[in-house]
Amino acid sequence: MGQFTVVSLGLLAMFLSLSGAKGDNCPASWISRNGVCNKLFPDRKTWLEAEKRTWKWSDRTSTNYFSWNQGEPNNVQDNENCVHLWAPSGYLKWNDEPCASLHPFICQYKL
């Protein structure tokens, strides 16, 4: 198996948009799309729990893509150091929030 990248998402809709054909190389219950395997884990975890030991992207590149909701990140009470996809934006925009917040998450790895 390749390195895992954990993406904390607060949504099921994003997972459903990944509904490509099931690949022969992905484990059962995983979905294959564009050369990667994806799986939604509905149990809720904090950002730190969900991405433990997988903090960096699997290819070690930094992101140059940002999709903050208007007025974000605002770091309310100097306690919002993690990000999730914001439901009121249709899960298209990011919102910063405390890292102890619980959300479903998706794991992904390259085939």
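Note: Cβ is positioned from N, Cα and C throughout, glycine not excepted.
The disulfide partner of Cys26, as annotated in Swiss-Prot and taken from the candidates Cys37, Cys82, is Cys37.
Here Cys99 is paired by Swiss-Prot through a disulfide bond, and of Cys82, Cys107 its partner is Cys82. Within 10 Å of Cys99 (disulfide bond), counting C-alpha to C-alpha distances, fall the following of the recorded positions Cys26, Cys37, Glu80: Glu80. Long-range Cβ neighbours of Glu80 (Ca(2+) binding site) (same chain, at least 6 residues apart, Cβ-Cβ under 8 Å): Pro73, Asn74, Asp96, Glu97, Pro98.
Local packing around the Cβ, expressed as the count of other Cβ atoms within 10 angstroms, is greatest for Cys26 among the disulfide-bonded residues Cys26, Cys99.
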